[in-house]
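Some notes on the structure that comes next.
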């Protein structure tokens with residue numbers, strides 16, 4: 001029998017209109033103190049894991065009760081995820097820390113179809129969620145009452161620097177970039193792609209965070225949890241395969257010129273990093289103040305290139321959402337996306353590929369970005385992001401039509417009664433196209449255009465593509 005255990009925490013909210021408080025995210029002049037209440041459904045007598053696969057919290061926002069549903073992001077890390085740092089004498093130290101039982105979640109607000117959430121539950125709730133079209137941040141308060149949290153809007157954070165923050169990419173930035181020419185009708189791709197990414201934190205990051213590698217690691221995880229969520233909408237699985245921290249000094253000369261730094265980082269990645277850590281893309285994270293308003297730079301349309309599948313990103317804000325959006329932007333350039341024009345829209349807010357960081361940050365790509373990405377996939381066809389990860393590569397939650405298989409398997413051997421799968425060989429039976437999935441019926445792919453997932457709220461239906469068992473996400477989702 002399932003019993004619902006209510007973790008009894010006072011469900012109260014005390015708005016501090018017009019007051020100011022110093023938080024990790026900065027000085028906030030309008031916020032609420034809330035006490036989230038966790039609701040856990042466990043079998044009677046079951047031992048509660050440290051970090052459950054799914055969690056639910058009740059709290060008040062603007063005095064109104066909301067329910068936050070969270071699900072552990074099991075696609076965040078690759079199973080061979082590794083971390084590298086350096087001893088004072090320069091020795092390379094590489095470890096494979098256990099990451100399966102991590103504390104990073106994605107989620108939504110109950111009864112709000114347009115809501116999203118990216119939350120760290122490591123020490124209280126820290127992150128951001130979208131509610132009724134507005135972005136809110138949440139973080140624990142460092143008070144004697146450890147359950148108190150602050151909830152506030154991004155615009156209520158006092159800005160020390162009002163200068164615009166921009167990406168440094170221009171159409172003529174790189175001689176090696178040839179604009180993609182339309183040679184035939186564009187084919188909209190619904191196949192999932194997989195980007196295996198390494199983040200490199202330079203020595204200034206070590207100095208900025210007082211040599212605390214754990215803090216740097218946590219910061220990168222928070223950023224990457226949001227990046228992973230952002231790209232899910234494009235049916236791209238971005239997984240963190242490695243983190244390298246230049247703890248004893250930089251391996252390149254990190255300069256204020258973003259162009260020079262990007263070139264040096266790409267060269268180092270090709271001759272050093274790639275030879276010891278397989279990956280599709282690498283991003284350098286640095287507090288270095290680049291020249292002018294630039295906070296990031298990347299090559300355009302270079303995913304899988306040994307040197308140029310790279311970007312550099314300034315760690316310019318204590319708000320992980322802003323740094324995550326910037327890194328997602330630079331990865332977007334690597335995936336063939338150009339900057340949004342004025343007519344490219346995301347429901348009234350600036351989109352991911354806007355050349356300027358918006359006062360109202362968005363986690364959405366514009367339709368223009370989808371067109372750029374599909375065009376790039378059609379005419380450049382980067383091969384490294386086509387391979388479907390195996391369980392030896394990616395830790396991910398199995399979902400209908402998208403099971404992750406062991407090496408050599410075509411279907412899940414754990415289902416001996418499946419008429420489409422030979423349980424002895426883990427191969428599809430003769431004549432079978434598939435064994436399971438929302439678009440698999442009687443061992444055959446369902447016809448293209450068959451609805452496989454009904455829309456919820458203002459969302460859009462998802463359709464089978466006729467060539468796979470999975471139910472691909474509709475590329476026109478908001």
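Note that Cβ sites are derived from N, Cα and C of the backbone, with glycine treated the same way.
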Further binder of Ca(2+) named by Swiss-Prot next to 280, 384, 387, taken from the candidates 139, 147, 155, 196: 196
Of 279, 339, residue recorded by Swiss-Prot at the Zn(2+) site of 329, 333: 339
Other residues, Cβ within 8 Å of 196, 280, 384, 387 Cβ centroid (Ca(2+) site): 194, 195, 278, 279, 304, 385, 386
Neighbourhood of residue 384 (Ca(2+) binding site), C-beta criterion under 8 angstroms, separation at least six: 196, 280, 303, 304, 309
Using Cα positions only, nearest of the recorded positions to residue 426 (disulfide bond) (387, 434, 440, 452, 464): 434
Residue 439 (disulfide bond): secondary structure state under DSSP, collapsed to three categories: coil
Disulfide-bonded residues compared (304, 346, 452, 464) - the one with the fewest other Cβ atoms within 10 Å: 304
Cα distance (Å, whole number) from residue 440 (disulfide bond) to residue 411 (disulfide bond): 12
